[in-house]
Amino acid sequence: MRTVLAGSRRAPGCGEGMFILWLVLLLFPGAPAQYSVDDLGGLGRMFDGIGAISGGGATSRLLVNYPEPQRTEILDYLFKPNFGASLHIFKVEIGGDAQTTDGTEPSHMHYPDDQNYFRGYEWWLMKEAKKRNPAIKLIGLPWAFPGWIGNGKNWPYDFPDVTAYYVVSWIIGAKQYHNLDIDYIGIWNERAYDIKYIKLLRYTLDKNNLEHVKIIASDNLWQPIAFHMLQDPELLRVVDVIGAHYPGTHAAQDAILTGKTLWASEDYSTYNDEVGGGCWARILNQNYVNGNMTSTISWNMVASYYEQLPFGLEGLMTAKEPWSGNYVVSTPIWITAHTTQFTQPGWYYLKTVGHLDKGGSYVALTDRLGNLTIVIETMSHNNSICIRPPLPDYNVSAQYATFYLQGSFKNLQELQVWYSSLDINNTKPVTFKKLSPLKVQNGSFTLQLGVNEVYTITTLLTGQKGSFPDPPESKPFPLKYKDDFSVRNPPFSEAPYFADQSGVFEYFTNTSDPGDHVFTFRQVLTQRPITWASDANQAISVIGNYQWSNVTVTSDIYIETPDTGGVFVAARVDQGGSPTDRAKGIFFWVFADGTYKVTGDLMGQTILCKGLAGVRARSWHTLTLHIDGTNAFGLLNGNPLWKEVVTGGPLNGWAAIGTSCFEFAQFDNFMIEVKDSE
């Protein structure tokens, strides 16, 4: 930790002064660089806030299944003001029924005549965010769309009025059913935009008295949207924010020339250790210093998905074990707090921001009511590498920095100090530690800055490093697990721990079945969605521990589609997320035409055995898949159907259920038994 020096001009005694000068020159050669903090020349851009994303996709899937009090604690670390990350902005995926990185999120309209504003968990998360911070800004953005939007094509813009209606219905539903006011809406995450659609979206919003909802475009690169806005006055008028992803702290000149608000509307996406914290610290400052971006939004908010899915642990914190209750408050939470706890949307950057002489950067913000916050970071190259884009080499060294307070701030006498040190060589990094107040003398103060440090210097007294008792110890997924889905009024549409990777699986009530299968788990998509990734043509939901090897998976199954329908249970499934279509494992299928097959892959191309099973649609059957070492066998309704199949594929992976295409099918009395040791 570095000392904080006041800006006194009192001359020390001769001997004392020579010793201090010698020490300073030895450790920090050169006179302290001087930096002005001044609002006399006007202010910079308005600060819009720091945010995070749930979705894109299913990144918060496991969070909803946490027990209390751990679930509330996690939400407090994310959203509660002056406690943890204290997020200003919360961006969610508008579920589109398709794979969007780590899973699928359900649409509020699976079909044209279907509207349900209680599917998934984003509604709940937005309400939890608002409960803690009523001022938090909400953003909705589609990654994918249900298939009917494209009328058979993998494209949402052939009928732009239909797409606009669909998106605006989500905004209206948020208000009508959850009393949530959506502040911003996006176009199509990291995919093509359509100028006609953007204009029609603005028209549809206004027609529905949603003039307050602002449009962000295009959630991809700066170009060509900035160029098109400069060429098209109407497009320039209807787009409120140009949002770019992973901009590397720089904005395109055309984007600046539009005069529009500029955001890093998705950034970070980095493993949440000290290097991830360093990445986040650097871009939170330098996105404005280098690129005039007034908001930076992290993908993702909380890594609450199975770690072996793509981009594991790339959230501001980690909550991937609802079965144990364990979670980890990671370094990026406290780096976020360095800015969010001492600013608010509506504050203004000063024009006096920039780079430090020996590496690093500083920003200064004010509420125009006399409050001042300065955030300083000295992240080295190797301690702040983000996932993208590549980071050019640069050097940072220890330094003194003297800040002169001028304008509205010249009479400040004392400032609060919060400090972090993220050096990867430290055995125990320091995060968000409150230091003694800094006495300002003669309008200045000097900081002795080391490498990989973050300082917040502020007039505000409200900061807090919130904490709870340690969560329970980490534990693997239980070796025995079962679910009969008998929940009359489920709080969420998905059953615990199932992570849909293609298709959508929901709790279902069979009102016409008075027997043992009134409450089931149903795959509900009947059409391939407008995809964001290379989705599988089969529906699949995974569950459990990726390290499982010797496992028995059992489920009652009900094929609803005569002749062509089919379902499976599986184990050792080795892929999820965007490459789900390439998943391998052991898949035990039965079909409505009376056949069965066992395959080594989800696509069904590697057939290990096949034959007749006598299964028909609209009748309940029980499938059991047993794998031990290199051998597998299967049971139908408790009787052997096939045996002595040599696996030959992945040695471990998740358990799974699914369907042979996008079709209605039901599952019940699901059970896993694992022989592996914990």
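Cβ atoms are placed via backbone N, Cα and C, with glycine included.
The active site, nucleophile feature in Swiss-Prot is assigned to Glu266; the stated evidence is similarity to another entry. The substrate binding site annotation in Swiss-Prot covers Thr101, Trp143, Asn189, Arg388. Under the heading disulfide bond, Swiss-Prot lists Cys279-Cys386, citing similarity to another entry as support. Annotated N-linked glycosylation site per Swiss-Prot: Asn292, Asn371, Asn382, Asn395, Asn425, Asn442, Asn510, Asn550, in sequence order, evidence recorded as sequence analysis.
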Could you tell me the C-alpha distance between Cys279 (disulfide bond) and the residue listed as 'active site, nucleophile' in angstrom, no decimals?
14
Would you count the other C-beta atoms found within 10 angstroms of the C-beta of Asn550 (N-linked glycosylation site) for me?
16
For substrate, whose listed binding residues are Thr101, Trp143, Asn189, Arg388, the greatest C-alpha pairwise distance in Å:
20
Using other CB atoms within 10 angstroms as the count, which residue among the glycosylation sites Asn371, Asn425 scores least?
Asn425
Quick check for the class: what is the C-alpha distance, in angstrom and rounded, between Thr101 (substrate binding site) and Cys386 (disulfide bond)?
18
Whole-number Å only: compute the distance from the Cα of Glu266 (active site, nucleophile) to the Cα of Asn425 (N-linked glycosylation site).
29
Surrounding CB atoms that lie within 10 Å of the CB of Asn382 (N-linked glycosylation site), all protein chains:
12
To the nearest whole angstrom, what is the C-alpha distance linking Arg388 (substrate binding site) and Asn382 (N-linked glycosylation site)?
14
Among Asn189, Asn382, Cys386, Asn425, these being the recorded positions, pick the one whose CA is nearest to that of Asn395 (N-linked glycosylation site).
Asn382
For the residue listed as 'active site, nucleophile', just give me the three-state DSSP call.
strand
